[in-house]
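The feature repeat 'ANK' is assigned by TrEMBL to 94-126, 258-281, 362-386. Marked as domain 'PGG' by TrEMBL: 452-559. Annotated transmembrane segment per TrEMBL: 453-476, 496-519, 540-559, 565-585, in sequence order.
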Amino acid sequence: MDSTIYQSHWIRDSLNRRGNYRDMDLKVFKAARKGDVLFLDNITRQGDELQEYLCSRTHQRNNIIHIAARLGHEAFVNKALDKCTLLLHQENSKGDTPLHVAAKAGHVSLVKFLTEYATKMTTPGVLHGEATTLNSHRDIQEGGAVEPPPLWRMENREKNTALHEALRYDRKEVALFLLDLDPELASSVNGARESPLYLAAEARLHSVLCKIVNQTSFSEAGPIGRNPLHAAVFTKRLASIRVLINKRPELIKLADSYGKTALHYAAEANSIGIIRMLLRKDKTCAYEQDNDGNSPLHVAASSVKRRAVQVIIKYCPDTTELLNNTGRNALHLAVRKNIIGNVRRFLKLPEMRELINEQDDEGNTPLHIATMFHHYLMVRGLIQTGCADLRAKNKKGLTALDICESQWKISHRQAYLWRYLRRHKASRSRDFSSQASRLLGGRFTHPKVDLKLVANTLSVVAALLTTVTFAAAFTMPGGYNNSVPNVGAASLAKKAALKAFVLSDTYAMCCSMTAVFVLTSAMVGDPAFLVRAVDMSRCLLIHALYGSMVAFETGLFAVLSPDSLWLAIVVCVMASSVPFLQYFYRHASAIATPYSIRLQRSDTMITKEQEENMIEIVEE
């Protein structure tokens, strides 16, 4: 389209200075909203006074035609234009003409009327508020100002024509009419770099899309470098995608500002039908890589769904060899995202199984990555294939076991991971083995661990357990005997349950008291001993807790069993569930990761900074 088509902004600058305009009277406003034609018939003003009265504006600079057009009052609009043609081209604060407003609202008959009226006019009228009389408009014309473009080509402040507005608000009939009226509108691009074809694809208006692509001239522009095929993939409109790739097959390999093609987005959304359609048309699009070097297979492997991976490999099996900018293949990314279900299924594919020991630019295999981010289930899944190389070393000379030990800290997850690797004969590198003792000895020296605070907490727990078990020993279940000759003896002393109570309570008290002594000595002694003291006290307290639990069960059993055996048994069963609940918690804590427990990806995504921090720990 030539430069004379879109001169409305130049004219706006010359005509559209704020100037003085009359505020709209309340009666006029209500009449415009109601479409009250009789109100217009009863106006007695004449000449310039009438023009000024009808050209009054609201606070947002809407005139009466803007208000009536939004509500579809065609008769009112017709009558108002007969009295004041200047209203037709006036713009509100957003730069919208009445045609923009009618197109947004989808009033196709009103849109037809306004365009026909504009075509019949011999003078185009005034664009905006300052020139509110015919004389002032005549002065502008005599001054040599460029006449405005046709009403349907005028742009608002976002550079939207009426066609753009119709498409943005899904007004199919209006869009089709405007394209019939002026096919060159298909070449206009708004301020957001959106062409009518892109908006039609985004709005799923298939008939409009077909009409545009069958024209000789149209724009394919979209925001951030995207094209209409991207929009059609986002909306999953298969019919529109089919038309676009048949009419404009080159769109398949066109990438946006992020380097992503339509296939990247289809793979991310797991849109199997779209993926097949694109690959059947052009298989080479599977090898296109985005700005991070990720191919559609990388994107599919990183998503929660798995079928996209299978489809891409089926059409292009050698895409598994593609590496991104960090040298990682699709399996690396799937492991990094910790989508354990997907990885298990991926590894059933021969093409993906071959990648299990491939290294990235830092020499890390998928097993290294899973270990680095403490993905217990992922490590277990990789090892269970029987193909993972447990002796593989990265460029820093570290095996998976080395990485696990170099990141050692107080963590059930870390302990489970370490034990699993050791159980499957994972080895340390020769260079790292000399440092292993030092690292393992300092497993509580992680910068976020305050050992004195841990010791204080454990000592409080130990003191409480000591007090409770000591008091329980002298509050004998069943009470004491008051009869001669056994005065002061335990009434239930001969029962096995009471004997078990005494033994378990004594054991619990001894363990908790030992923990108190150990922690108290360590707090004032050698700092190196504090590490061992915390470790030893933790074990002692676990034993003390179990002893207390057994004492509780046996004490109640001794008291309840003579009169209510079933109740005594139920109490014992309930109390005995504690170890199982504790094991379940520890196991869940060990295998849980920021990925395995996620329900929403955005809530659990590890940031680049966190990843770099993890890598720094390994380097240290």
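Even glycines carry a Cβ here, placed using N, Cα and C.
Keep in mind that TrEMBL annotations are predicted by a computer and have not been checked by a curator.
Note that the coordinates shown come from a computational prediction; the quantities given were computed from them, not determined experimentally.
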Inset, instruction - For the repeat 'ANK' (258-281), find every same-chain residue at least 6 residues outside the stretch whose CB is under 8 Å from a CB in it, and list them. - result: 224-225, 229-230, 232-234, 236, 238, 241-242, 245, 249, 251-252, 288-292, 294, 296-297, 299-300, 303-305, 307-308, 311-312, 315-316
Inset, instruction - Would you report the average pLDDT that the model assigns to the repeat 'ANK' (258-281)? - result: 96
Inset, instruction - With DSSP as the yardstick, break the repeat 'ANK' (94-126) down into helix, strand and coil residue counts. - result: 21 helix, 0 strand, 12 coil
